[in-house]
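Straight from TrEMBL, the features:
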- A:46-273: domain 'ABC transmembrane type-2' (DOMAIN)
- A:44-66: transmembrane segment (TRANSMEM)
- A:78-101: transmembrane segment (TRANSMEM)
- A:122-149: transmembrane segment (TRANSMEM)
- A:161-184: transmembrane segment (TRANSMEM)
- A:191-209: transmembrane segment (TRANSMEM)
- A:248-271: transmembrane segment (TRANSMEM)
Amino acid sequence: MSESTNGSKLLRILSVSARPARPNALHAVATFTWRSMRHTVSQLPYMAIDVLIFPVIFLLIFTYMFGGAISGSTGHYLQFLLPGMLVYTVTTMTVYIGIAIKTDIDKGVFNRFRTLPFWQPAAIIGTMLVNLLSYAAALATTIGIGLLLGFRPEAGLTGALLALLLVILYAFSVSWIFACIGVVVKKTESITSMTYIVLYPLMFTSNVFTDTSTMPDWLGRIVAYNPISLASTAARGLMHGTATAQDLIAALGGMILLTLAFAPLTFRLYLKKAKQ
Amino acid sequence: MTNKRYAIEVQGLTKSFGSVKVLKGIDLRVERGTVYAILGPNGAGKTTLVSILSTLLRPDAGKAEVFGLDVVRDADAVRGIVGLTGQFAAVDEGLSGHDNLELFGRLTGYGRKAAYARADELLDAFELTEAANRPAAQYSGGMRRRLDIAAAMLVRPELLFLDEPTTGLDPRSRSGVWDIVRTLVAGGTTVLLTTQYLEEADQLADRLAVIDGGTVIAEGTAAELKALVGSGTVQIRLARPELRSLAEQVLRRELNAEVRLHADPATLSAQASDPEPAARVLTELSRAGIATTQFSLGQPSLDEVFLALTGRPAEEAAEEAVS
Ligand SMILES: Nc1ncnc2c1ncn2[C@@H]1O[C@H](COP(=O)(O)OP(=O)(O)OP(=O)(O)O)[C@@H](O)[C@H]1O
Ligand SMILES: [Mg+2]
C-alpha cells in the first residue's frame, strides 16, 4: 500500500466521524431480504434442482408409475396427488432456513452482525421472507407441470390461489421448526439428518400420496393428525372446492400453533446467542 | 467519553470455559490515541480477552471498561464506538466485497445510497476496487483481511480491535496492514492488537503486554521489554554441525550469555546486548576455523521473550494452555 495516496484516502474516510442513526427494524429486515436475494441469485443453479427438477420428477414418477396402482387411473390420481404434492415440495425446502442460519452462526459473519447496532432477529426474518419467494416459485412449477399433465383445479383459479396461499403459510410455520433447530444445533449435518428422522416419516405417514380411508384405523388416526396431512387435506379441499370449515380450521390452527411455539423461541435463542 | 484518559481499563478480569480457566485475572490500561499490543502464544487467551472487550463474550468476574463504559452493562454503547477485526475474517463469503460493505453499512444505519457510496470509498482506500465484485470466498488471505478491516471502518471507531491482523500474511501484505494501523492512529483511533510477533509489537505499539496462561507476565514499552530480554539475538548456522560445541564456547565467551542449541543440529543462538560483540563473534568464529552458512542478528523472537520471562519456550506454553 503506497502510503501517500492510500493513506490520504484512508484519512479522508476516517475524518467522517458522523455516525448514522441506529437502523430501525424495518430497514434491517429489508437489508437482510436484499442480502438473501443476493445469495439466492448466486445459488440459482442449485436452487433450480429444488424448484424445478425435483417437483417435475416426483410428479412424473408418482403419477405414471404409482398412479394407476394407487388410484385406478393416472388422471384421477393426479387430481388427488397434486395438492398434496405442493405440500410435499415445500416441506423438503423448509430445511434451508435452518441451514442458512446455522451457516451464518458458524461463519465469522455472525460475529460481525453481533457487533452492529441493529435488531438482531431481522437476520432471520429477512432470510425467511426470501425463502417464501422460493417456496412460491417451487409451487408455481409444480402446479404448472400438473396443468400440463392434465390436472384441473375444480374450484378454478380462486381455489388454486387460495390453496397456494395456504401451502405457503404452512411452509412458513414449518420453517420456524428448522429455524429453531438451526440456532441450537451443534453441527450443520445434524439439520440434514433431522430431515430424515423427522420429515420423511411424517411425510410417508401423511395423506399426501394415498387416501387415509384405505389404511387400518390406528394408522389412519396418526395420519389424520399429522400436520402434513392437515395441510394436504385443506389444500386439496380448496383446490377442488370441497374444503369444510373444519378442515381449514384444523390446518390453520396447526400452523398458528407451530408458529406461536417456534418463532418466539427461535428469536429468544438467537438473541441469547448474539448477546451471549 | 472524550475526556477519558484511558480507552481501556481492565481489572481482575477472569473467564473460564467449563473447568478451563482461560483468563485468570487480567489488569490492563490502554491510553487513548495509542497502539497497544497483546503478545502471547497460541492459547494464551488473546482472542478471549478481545472478545470480552468487544462485548462478544461475557467475563466471569472483574471490571472491563471502554472509554468508561462497562462492556457488560453498557454493551450497546460500547458496540457503538468499537470496531472489531477478529482473528478469523467476519465477512459473508457468499457476497462480493462490495456487497459485504454495503450490507454492513446498511446494518450500521446508512441508507441504501449512502451505504453504496461508503462501500466504494472503502474499497478504494483498501485497494480492493478491482476485486469489488468478486465473491469474498475467492479473496486471498490478505484481501480478506483488508476487507475485514474496512468493514470495521464503516464509521470511524474510537477503538479498534485487531486480533492477529497479520498472521498468515506475506511480508508485503503485512506491511500494508501496518500502514493502515499507523494511519488509523494518526486519524485519532485507539488500536488494541494481538500478535505472536514481537517485531510487530515493536513496529506498531506504544506499549505492550505479554500474556501467558491467562495472566499478564510483562508490561511496558517494546524497548523496556527488550531490555528485559536482551536487545537482540545472534543466530548462527554452521557449515559443519559437529563443530557446534566449539562454536558454543566462542559464543558464550564473547557474548557472556546463555547459548541455545536448536533442534536443527547446525544452529545455535544467543542473546546479544549490542551489535559490536555480535560482530566480534563472527570474527572469532572464522579465526577458530568454524565456517558459518548463516549469520543473523535479529530482534528477540516471541520465543526468546518467553524464555527470558518464563524460563520456558512459547511452544511449551501453548501446549500447556491446550492441556
Ligand atoms: N468457546 C470456547 N470453549 C471452550 N474453550 C475455549 C473457547 N474459546 C477458547 N477456549 C480455550 O481458551 C484458551 C484460550 O483461547 P484463545 O482463543 O483466547 O487463545 P489465543 O491466545 O487467541 O490463541 P491463538 O493464538 O491460537 O489464537 C484455549 O485453550 C482455548 O482452547
Ligand atoms: Mg486467538
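From the backbone N, Cα and C atoms, a Cβ is placed for every residue, glycine too.
For the transmembrane segment (A:161-184), the most Cβ-contacting stretch among A:44-66, A:122-149, A:191-209 is A:122-149 (pairs under 8 Å).
Counting residues 6+ beyond its ends, the transmembrane segment (A:191-209) has Cβ neighbours under 8 Å at 62, 66, 70, 81, 84-85, 87-88, 91-92, 95, 98-99, 102, 178, 181-182, 185, 219, 222-224, 226-229, 232-233 in the same chain.
Outside the transmembrane segment (A:248-271), and at least 6 residues removed from its termini, the chain residues within Cβ reach (under 8 Å) are 101, 120-121, 123-124, 166, 169-170, 172-174, 176-177, 179-180, 183-184, 227, 230-231, 233-234, 237-238.
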